[in-house]
Structure formats: C-alpha cells, structure tokens
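As given in TrEMBL:
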- B:12-33: transmembrane segment (TRANSMEM)
- B:53-79: transmembrane segment (TRANSMEM)
- B:64-172: domain 'ABC3 transporter permease C-terminal' (DOMAIN)
- B:100-127: transmembrane segment (TRANSMEM)
- B:147-170: transmembrane segment (TRANSMEM)
- B:199-216: transmembrane segment (TRANSMEM)
- B:236-259: transmembrane segment (TRANSMEM)
- B:280-302: transmembrane segment (TRANSMEM)
- B:329-350: transmembrane segment (TRANSMEM)
- B:330-443: domain 'ABC3 transporter permease C-terminal' (DOMAIN)
- B:371-403: transmembrane segment (TRANSMEM)
- B:415-434: transmembrane segment (TRANSMEM)
Amino acid sequence: MLGRKAARPAGDAGGEALRLEGVRRVYGPEGNQVVALDGVSLSLPVGSFTAVMGPSGSGKSTLLQCAAGLDRPTAGRVFVDGAELAGGSEAALTKFRRQRIGFVFQQFNLLPTLTVMQNVTLPLKLAGRKVDRRRAQEVLERVGLGDRLDHLPSELSGGQQQRVAIARALVTEPRVVFGDEPTGALDTRSARAVLALLQEAVRVYGQTVVMVTHDPVAAAHADAVLYLADGRIVGYQQAPTAETVAERMTHLADEVERQRITAGV
Amino acid sequence: MFGLAMRSLRKRAGAFGASFLSMFLGATILMAFASMLDTATGDGVTGTARETLVTMASVVGGWGLILVVFAVTSTLTLSVRQRAAEMALLKSVGATPAQIGRMIVGEAAGVAVAAGLLAIVPAALAGRGIVGLLHDTGQVPADVPHAFGPIAVSMGLGITFVSATAAALITARRAARVRVAESMADAAAEKTRLSRKRIAGGALCLLLATYAAVLTCTLMKGKGTDAMASAGQADIAAAIGFAFLAPAIIRGVTALLAAPLRAFGAAGDLAVTTLRRRTGAMSAAVTPIILFTGTAVGTLYLQATENAATDAAGLSKTADQKGVETLNLVVIGMVVVFTAIMLVNTLLAATAHRRREFAQARLTGATPGQVLGTVALESAVLTVIGVACGTVASVFTIVPFGIARMDSPTPDGSVWIFIGVVALAVVLTGATTLGSARRAVRVPAVEAVAA
Ligand SMILES: Nc1ncnc2c1ncn2[C@@H]1O[C@H](COP(=O)(O)OP(=O)(O)OP(=O)(O)O)[C@@H](O)[C@H]1O
Ligand SMILES: [Mg+2]
C-alpha cells in the first residue's frame, strides 16, 4: 500500500502527533482501586493510522480518553501535536481539544435536536470560528451525505449517523482524530465506509488517526496495531492483516488468562 | 410487572423525587383542608362555625385540588417522558404495551401511597394551625377542637391515589401506544405539533376562567366578600389553560426572539434549537412558572383590593376582619409556596435529565461556560413567557374583582407586589436551572454520555 508510514512506540520528536509519557490512570477510592492504565508510554508520528486492541477491560477506552484530553491521567504527561495537554480548568481543556483533536464514539453522540448540517458546524460555532457552510457541505459530501443536510439524526441509519459524526470530527481539521470502536455498532458495509473515511483522512489529508477496535478486519485498515493488556502495552505490530491480528489476539487472550490464573486473581 | 415496578422505583429513586414531592405536598394541603370537614362534624359544632369550616374546606380545598391534580399530572408526565428510551428498550426485549402500562401505573400508585401516608402528620399539624387561626378570628368558637379523622385521611389518600393513577394511565397509554422504533426515535426528537387534547384542555380552562371572571363582575357584583371565591378560581383556571397551550406559545415566542438570541453566538443558537425542538420538555418547565406567577399575582392583588374595599366602606377594620385577612393570607401563602416548590421541583428534574445532552455538547467542543450560557438563555426565554402568561392569567381575577368590589378595573395594592412576585419567579427559575445545570456539567463528559 502506498503512503504507509511507520509508527514507532517511542522515539524522536520530529513530526510527532501524539506522545504519552508514563501515563497512569487509577479509578476508584483508596483501598478499592482499579489501575486502568499502568504507565503507558508511546509516540505516534504525524500521518499514522494506529489501531489499539486488547481484551475487554484492558484500558483501551481509558487510554484514548486520556490521550484526547477527555479524562485526566492520575500521573504522566500527554503531548498532542507538540503541545502538552493543559492541566487547567475544564474550559482550558476544551479549548485545547477544539484546536487539535477530533473524537468519534461508538455511540455517535450527535445532538438529537440539531440537523445534520447544524451538528457538523457546531464545533466551529462553539469555537467562535467562521462557519463556512460550503466547507461543511464539502465534508458531508466526502462522507456521502451531501443530500441529507436538513435531516435530524433520528431520521438516519446508524451508519449514516456515524458518518455525520466523522464529518463533525473532521470539519475543524484536527491534527489527531480518535475513534473508540467507531465501527462497533455498524454492519460490515457501513463499517468499511467509515474505515475508508478514516484512511482517507490519513492518506489524503495527512491527519493522524488512533482507533480502538475489537475487529481484526478493522484493525487491518491501520498501519500498525498496539496491543494492550491489563493497562500496559504488550505488543506492537506493523502492517497488520486480519489473519495475523486475529491470531495475535487469540494468543493474547490465552496469555492474559494464564497470567491471571497464576497470579491467583 | 408489579415487581418490576417496585424494582424500578427503588433503583431510580431520584427520577421519582419530583412526582413524590408534588404528591406529598398536594396530599398535605388536601388533608389539611379536608380535616376542616372532620372538625365540622364534631359534637356541638353548629351554625356559622360549621358553615365557615365547610366553606373553608370546599372553596379553598376545591381550587387547591385542581392545582394539586395538575401538578401531580405534570410531574408524572415529565418523569415518564424522560424515560421514553427506557420504555422503548423494555418493549424491544419483549414487554407488551399492557405490561409497560401496568409498570407505569404501578410505580405511580406506589409513590402515591407512600406520599399520602407520609403526608398525614404534616397535614394534621397544618390543619390544627388553620383551626387555631379560626379560633383567633372568632369564626369558630375556641371550644371546638381540631379533628383529624376519617374524612381527611380518606379524601387525602383517595384523591392523591386516584389522580396519580389516572395521570399515570393517561401517560402510560401514550407511552405504550408508540411502536419500538418510533419511540426510540421519539426519545430523541419529539413531535412538535400541538395535540388536539392540549387544544381542547386549553380552550376549556380558558372558557372556565372567562366564565368565572364574567360571573364575578356580574352576578357577584355588590355581593361583597363572596366575590372572592369565583374571582380566586379564575386565575388558576386561566393559568392552567395557558399551560396547556404552552407548546404553541413557546414556538411563537421563539420565532420572534430567534434573531436576538442568535446574537449571543453558539449558545444562543443552541438555545433556539432546544426551544424549538423540545417544546414538550420546555412546556413542562414553563408550566410551574405560569402557575406561580398567575396565582401569586392574582391572589395577592385580590386581597389588596378586598382590603381597599373594606376601607372604602368607611368601616374601620374590626379584629374579625383583620383575622379574616390573616387567614386569607395564610391560605394564599400555602398556594404560593406550593407553586413555588413545584417550580423548583420541576425545573430541577427537567435540568438534571439533560446531563447527557450537555455532555454531548461538551464533547463537540462546548466549554462548561457555553453550556451554562445556553441554559441561561433558555430559562430567560421561559421566564419571560411564564411571567407574561401568568400576568395575563392574573388579570382574569384582578379586573373582575375590582369591578365587583370597587367599580374599578384597576387593582388596589402597590406595584411592588407585582415586581416582588416577578423577581421571585426570576430568581427561583434562574437559580434552580443554573444550579442544577452547573451540577450536571461537573460530571466528566465521557462518563455522563455513557450513563
Ligand atoms: N469510571 C470508572 N470507574 C471505575 N473503574 C473504571 C471506570 N472506567 C473504567 N474502569 C475500569 O478500568 C478498566 C479499563 O476500562 P476501559 O473502559 O478502558 O476498558 P476497555 O479496554 O475500553 O474495555 P472494552 O473493550 O470492554 O471497552 C476496567 O477494569 C474498568 O472496569
Ligand atoms: Mg472501551
């Protein structure tokens, strides 16, 4: 495949889109704590497409939320597009996200009272940026919904809603786009369309995409796969294919199971 | 299904808080006044004393009843509407409409029984207080003790139970009729047309209000204090009428205010779309504002005019008349406090429910400040609508009563009464909505969205 760029788990700062340094995230009160992330460090270059995989509960969503500034790590540092994630108020964090980050969820999280067009232009309005309807329309055409501008989310299929969510994430031209199981609620065909859009964001527009998925076929659309287990990075694979990913996931699951048994958990 | 209802009650205690509170307060007021009837049946209660007690129970209790039934219905409707998605989910896993209906009615009945039983003690105390006032004014001889007996308990529990179940039946029918796919979508976007039932209810109430108003300034003219009864009901009927028509009013006003609201940027934009597309929820929020303003302004000026009429008659106030005035103010106070609590209660429930929506806006890039700005603009519009409708409703009481008592349509009493009521409405609405919204945005957005 053309234009595939290598992602490195750690390393040089040149053209670095995302860096995590020793990120820990602990949930729950003292005495009843769950360590969701146990010191994760990684570095992803600009223009890379990385899939994050791991068993359920391994900390994938937590990792993504910490990296995207939706959650604050208990310890460690996060850099997006060269800038350290602001540790200030919620408003400061929001402003940081607006400029650099797009996010796509499994549940599309479109505002139900807004039309497709209003949903897509909302991030621009909120940021006080000029609302270029033509550009928004272009983005919506890119995701194949140029003719549904005035529909409400409830009038669209799941796949269509997810494409609106992607258009909304792309319209601000963020440096990094995060997706938490963006294809998790979709059928194979809609999923493929969504993955193609994410690939296009990387290949054509040079954006960086990080996507959590449980689906080896979806992971194979990425340039590289990060494997997570029990809050730690346990593997890294370049040029993944659906078969190799599926195989590795099976091993990983077995291994985690074995470790848990020997640890007496 | 009853088991499911009880489990659902236990798990979502918060969601039922608003309904519970309205039933509890309603039952308290109903039983307090119904205990006048118990007192009247006591040995040795005769003549005017008996009459006073019965009038007290039927007139005051009568319009209290309307208010309470309406409050219970509207909070119950709100809580069922807020659970549209849950209902759809239950249906999708195989619950039949009848099962859903039984669940909703079962929940409402359970809450009503609990609220009614808990209301017995405060109602007995309030009833004793009212009889104490009647003793002081000499309307009831001091040797007639307050009795809290079978009439109070059966009426209080009965009416609370019946109105709650009836309201639940109506809401349940509507919730159960829609198909699964439809109601999943409905959970997101609601129909915006005014239903025929609302038009009919609104028209009926406004007709009743007009009837009471006309009656006051024709038949009741020159009948003195008796005009208070018919005049006092007019504003309540009119306020409920406007509440029925609230969706249409909100849409109209939003259309008018859209341009100035948009000048506030993204927050204004969001406020306009919410007002437009969520008219059902917005109507639920504006209803208590209308009721509060309408009843408070109406009854306070009613009393002011009554005072002026007594003065004008050249009579210096006797101790009795002072006592009657105090009694009236106590009753008015109860009604005003009830509607004020309903206002806070309803707005708290309505705003807390929007946690997910707020979180979605934040994930799209709204700062907490922008979310709060949107809420502030919305509640400003709702306050304007509520205060305006309430003021118009109060006119149904004030003008006819002025004509009946003083031959003048303008009320007596300082303009400060009006300003005070409006200020209270503004403060209660603003503080409740913003306080509740602030609490909602304090939860991390990703968590609120997942919940
Ligand atoms: N808000 C929370 N409070 C307490 N524990 C939490 C919270 N969120 C996540 N956890 C715990 O942190 C760990 C990691 O959760 P996370 O959601 O990141 O897993 P995941 O890899 O995304 O799983 P899945 O594939 O099922 O989505 C889990 O053990 C989970 O129970
Ligand atoms: Mg997850």
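Each Cβ is built from the backbone N, Cα and C atoms, and glycine gets one as well.
Whatever TrEMBL says is automated annotation, not expert-curated.
Computed from a predicted structure; not experimentally measured.
Taking pairs at least six residues apart, the transmembrane segment (B:12-33) and the transmembrane segment (B:329-350) share three or more Cβ pairs below 8 Å and count as touching.
In this chain, the transmembrane segment (B:236-259) lies out of contact with the transmembrane segment (B:415-434); the count of Cβ pairs under 8 Å, excluding pairs fewer than 6 apart in sequence, is fewer than 3. Of the candidate ranges B:53-79, B:329-350, B:371-403, B:371-403 has the most C-beta pairs within less than 8 angstroms of the transmembrane segment (B:199-216). Across the domain 'ABC3 transporter permease C-terminal' (B:64-172), the model assigns an average pLDDT of 83.
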